[in-house]
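Per TrEMBL, these features apply:
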type	residues	note
BINDING	A:Val168, A:Glu189	adenosylcob(III)alamin binding site
Amino acid sequence: MNEMIKDISVVDYYERVTIDNPRDTESCIRLKKTTNARICLGRAGDRCKTETLLKFRADHGVAMDAVWSEVDETIVDQLGFFKVQTLVEDKEQYIKRPDLGRVFSQETLDGIKGNCIESPDVQIIATDGLSACAINANLADIYPILIDGLTAKGYTIGTPIFVKYGRVATMDQISEAIQAKVTILLVGERPGLATDESMSSYMAYESSTLKPESQRTVISNIHRKGVPPVEAGAQLVNLVEVLIREKKSGVELKI
Amino acid sequence: MSVGIDIGTTTTQVIFSRIKVENTATSFLIPEMKITDKKILYKSEIHFTPLLARDKIHLPELKAIIESEYDKAGIQKDEIVTGAIIITGETARKNNAEEVLRILSDFAGDFVVATAGPDLESILAGYGAGAAEASNHFTARVVNFDIGGGTTNGAIFWEGEVIDSFALDIGGRLIQIDQQGVICYVSEKITPLIHYLQLELVVGLKAKLEEIKALTDAFAKIFVQISSSEDIEEEAVKLFIGHSHKGLKAEKIMFSGGVAEFIYSDYEIGSMKDVTLFGDIGPLLGYSIRKIFEKDQHRLVEAREKIRATVIGAGSHSIKISGSTILFDEDLLPLKNIPIIKLAENEDIEHMFNGIGEKIKRYGDIPVALAFKGPKSPSYGQIKEMAKAIAANAVGSHPVIVIVENDFAKALGQTVMNMLNAGTRVICIDQIKVDNGDYIDIGKSIANVVPTIVKTLIFKQ
């Protein structure tokens, strides 16, 4: 029989088999490790067990909370990010008006121009996107690796910018404002039922509002259980080299 | 194109295979290069290994055999990129093994393993026989016994990986019998067991079927005992070469090697004439094993390859591909026979690297590779600490070579490089598992990954 579970969020469900009296527990665990799907659960009559339902609800709850979460500003402050905000005024508006999450006011753009290094080789931007938790979990590891790598290669790096209530396209406006060669935007991915910490990195050569979405090269699935953030940082350094050498990005770049 | 050459106590074989490496990840993810296909293009005939004496290989004849197989396959030497020549069984312990490798080195590409210890041979034979796939297929521990002329190589697989390997002095040619049924050779390695069993198997005597069968039955019983994790008699334990097995129970059992051909067949033995088909005890050993497992049929799995298992393992399973995000210096590659210093895992990184400098010094002028598992997703702080320790232990003009199991080699390699003087070369690769006492060859890169061959040369404790 299954032992009592007190806190459902601390159990490793990649290994927990809830079938009653399984014939081969080891095989079940092996299967479970190969997928995020909820398998080897057992059942109560023709329905799922209470534990399965609770876990599903708990995961869904994490995803919902992630959307409404805020970036811990002490992290961006410590890393020396310059903070700006899109036209969005609060989380609710951010969800309802995707268009406003892509643009800045003229004052904000002037502020960026006035306070940030102009024409750097690489401009780094971080934004909450649909999961601030992803930024909280990964930024402190990926950012310094990225800086170390880029510095060692001799690239000039712009003042890092944190965008509150931002979407991916904010990188175009920022790039145009400060004339960066390569712009990297780190953004929280839409949370799923597997993790709320997954981050994507979008990057473009001479990122511009006039170019289509296909200008962007992306690495997704950056989190503890996916691509480790430090390894993604090192890989980004390589991609920056490629983008600068080829003077293009996105689908134009065949990598 | 990969070549496998297996020079055994009894037979010599060559195979050629084509190995395909592809990116298996979608375009929004970091590339993930994997071996996606291994196709055997050519299997040679099975030649008897040409011997001058029991302990000396006839070099020119061996060279002629290999040459003729290249010709028959229509393959040029320069098409070979990777592969392995292995000298196995009793032959490997012979003094002229090095000579053999010297005359054959022309036949292999830039990147070919040269020697094999019994453990590596066990592992390769297991892969070649298909035991790794079988362990996934049946979700079971699968043991493969590759029974050759001089030795038996055992390997246990679980989830497609080797979990134990060992070798025994059990083989089809440890006793040889002439046309008249007279014993003409008894290996000294099995004489203690023969005495223990109180058998009269002595050179010059006419061989009796019951006597030989008593011996092969005893061998067969050892295989049952090993796979069922039962106690083995003291006299039988002495047959292990170098070290014993770990005592893991295996649910499924597989046999490869020449003797296996008689296990999975219906060859019946009624008289001495049936035994002496090849002038040795191989057929009878196969028969004994088949009989002993008759009650336990469901545990017996037929090997995909039998007599060719080792050569196929050598030709197409010896290579492992590194992770895709790694750091290397193409000019330094290929690197051969790099000894491994494996660090004990420890939360405290400083502690983990304690005393490493001393160990590196022991190798003197030979560059070594530092290997460890490392955290699943290390923080920046941990990367810095590891890099600092590695950089502090860098030796003069030697390249820094680091092998980790988890996926962070690029981040670590880059950080190490930034800490060292310009000019010090760094190779940092991941998703490769090695152990203390192993040696590694790292080949030239293919599509940003490097092929590696991990060689287990030394007897493990």
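Keep in mind that glycine also has a Cβ here, set from the backbone N, Cα and C atoms.
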Inside 10 Å of the Cβ of A:Val168 (adenosylcob(III)alamin binding site), count up the other Cβ atoms and send me the figure.
-> 19
Hey, does DSSP put A:Val168 (adenosylcob(III)alamin binding site) in a helix, a strand, or just coil?
-> coil
So how many other Cβ atoms are close to A:Glu189 (adenosylcob(III)alamin binding site), meaning within 10 Å of its Cβ?
-> 20
